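To start, the structure itself, in structure tokens.
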Amino acid sequence: MGLRVRNDPVSARGNPVVEFVRWAWGQLTSMRTALALLFLLALATIPGSMIPQSTVSPISVLDFQREHPTLNKILEPLGMYHVYTSPAFSAVYLLLFVSLIGCILPRISKYLRAVRKPPPKLPARIDRLPVAASGAVTHEVETSLDDAEAFLRGKRYRTRRTDDGISAERGYLREAGNLVFHTSLVFVLIGLAWSNLFGFHGSAVVVEGRGFSNVITQYDDFTAGTLLDTDHLEPFSIDVDRFTAEFEMGEVQRGAARRFDADVTVSDSSGEHKELLTVNEPVMTAGGSQVNLLGHGYAPSFTVKDGNGDIAFSGPVVFLPQDGNFASIGVVKVPDARPERLAFEAFFYPTAMLSAQGPQSIFPDALNPEVYLNAWFGDPQEETGIPESIYTLKTDGLKPVPGDDGERLRAALPVGGGMTLPDGLGSITFDGWQRWVKLQVSETPGNMMTLISIALGVAGLCVSLFVRPRRLFVRITDGVATVGGLDRTDAASGLEEEVAGLLAAATAQQSDESPTTSEEQTA
């Protein structure tokens with residue numbers, strides 16, 4: 001007699017690497033993992049909403065770092081100023097994308113097979129279903145089944161008929177809504193990725209009466225997608241014709257903003273047209289770029305003459321607001337002045353008032369504008385080509401201009417006022433002021449896909465929540481119709497009424513008895 005060797009399940013296993021990959025793929029594509037990754041992604045966005053991001057506002061990041069030097073030593077190495085472009089965030093994003101696809105595709109295949117299948121066969125004991133009822137049949141079996149089938153079709157049930165009964169099922173849209181919801185999440189991720197790869201956003205400060213062209217050199221800050229060709233941005237320009245700002249003048253909420261809007265002229269591929277740009281109401285260009293109004297401020301105008309009597313500088317200078325009353329700081333740089341180059345640190349107060357604490361602005365509108373400034377001078381320097389901030393002054397190689405008392409020269413200038421610098425260094429005149437606006441230009445090609453996906457996802461979620469899968473069965477034997485039903489969810493609202501209605505249709509009379517539940521049958 002030969003020995004029979006039993007297959008050892010351990011030795012029959014495949015390559016351990018393949019088995020591990022298969023196990024890892026199964027774990028990654030489970031719905032539990034997808035939900036965990038979705039939660040982790042939401043958790044990862046919290047620092048980005050609390051800490052300034054360099055891709056959104058580099059100036060805010062610099063201010064935050066200056067105000068919180070100790071905290072900055074922790075946050076900067078962790079990459080908290082560019083959360084959304086960090087490798088960790090991208091890894092979670094991609095894993096969620098793969099997990100959702102791997103989870104959804106098998107479910108779609110399973111759902112399509114289920115839709116093509118007829119309702120299940122009649123159970124052997126209908127009376128043991130959660131809700132059941134029975135009654136005497138007064139018509140022929142065929143007639144009773146016809147009436148029952150008509151009732152079920154009127155309730156939008158799919159039916160499966162046999163010689164002695166009918167199986168019916170509805171609620172297929174519940175799983176369809178569930179699949180639409182999860183599929184929409186995938187397309188939301190695709191839309192966001194599309195915008196991040198091929199889109200851009202940037203901002204530029206434009207003084208009233210001047211313009212902006214959509215070329216990369218015109219931006220103050222610019223963030224482009226990895227696959228965006230910055231040499232082929234949409235050709236358009238915007239001229240800021242006028243900016244209007246109005247504030248509350250009454251005692252209640254004095255100084256509160258009442259109106260901010262800019263009259264602009266847009267020139268794009270559709271031609272030249274006038275637009276009104278307001279907060280939360282962007283202007284769309286013909287090519288799909290979106291222009292938003294982000295901020296505004298004052299740009300005092302100066303005329304500076306050098307020691308030779310030549311006009312070395314003339315025009316508006318953008319000042320940055322520091323408080324709600326628009327007290328603003330700025331720098332006037334005059335590198336071309338001769339024989340000495342000049343620079344001025346200035347403070348602009350729209351409604352100036354001198355108090356014991358010093359000058360301040362008591363209202364955001366320009367009711368009494370004044371400029372307070374300090375003057376600097378130094379030897380001319382060659383241009384290095386190294387960019388400098390227009391909002392700060394590097395005092396290397398500069399000395400403060402001395403006053404008559406030997407201290408640093410300071411002056412307060414009303415509109416039209418001027419100051420002559422000592423030792424023939426030159427003069428400065430405060431000519432007036434203009435307003436500036438901060439424009440944000442963005443192009444997010446995946447926004448429409450994202451918006452449609454979100455709308456479909458909400459619709460699918462509503463369908464999955466409110467559609468109830470339900471099965472009803474009716475069998476007629478020996479002149480008795482037995483009807484039963486069950487809900488495939490916990491909520492069984494309306495099931496007893498439908499069982500009673502089906503019984504009435506099958507028996508051609510109104511049933512006086514309420515359907516019995518499984519608990520009542522057990523009792």
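Heads up, the Cβ atoms here are built off N, Cα and C, so glycines get one too.
The domain 'ResB-like' annotation in TrEMBL covers 31-498. Marked as transmembrane segment by TrEMBL: 34-51, 88-108, 179-200, 448-467.
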Using a Cβ cut-off under 8 Å, which residues of the same chain at least 6 positions beyond either end of the transmembrane segment (34-51) come close to it? 64, 75, 80-81, 83-84, 88-89, 92-93, 95-96, 99-100, 103, 182, 185
Contact set of the transmembrane segment (88-108) with the rest of its chain, CB cutoff 8 A exclusive, min separation 6+ beyond the ends, reads 25, 28-31, 33-34, 37-38, 40-41, 44, 79, 175, 179, 182-183, 185-186, 189-190, 193
Other than its close neighbours in sequence, what residues sit by the transmembrane segment (179-200), given a CB gap under 8 Å and a spacing of at least six beyond its ends? 34, 38, 93, 96-97, 100-101, 103-104, 107-108, 111, 222-228, 230, 233, 442-454, 456-457, 459-461, 463-464
Just to confirm my parser: what is the rounded mean pLDDT across the domain 'ResB-like' (31-498)? 91
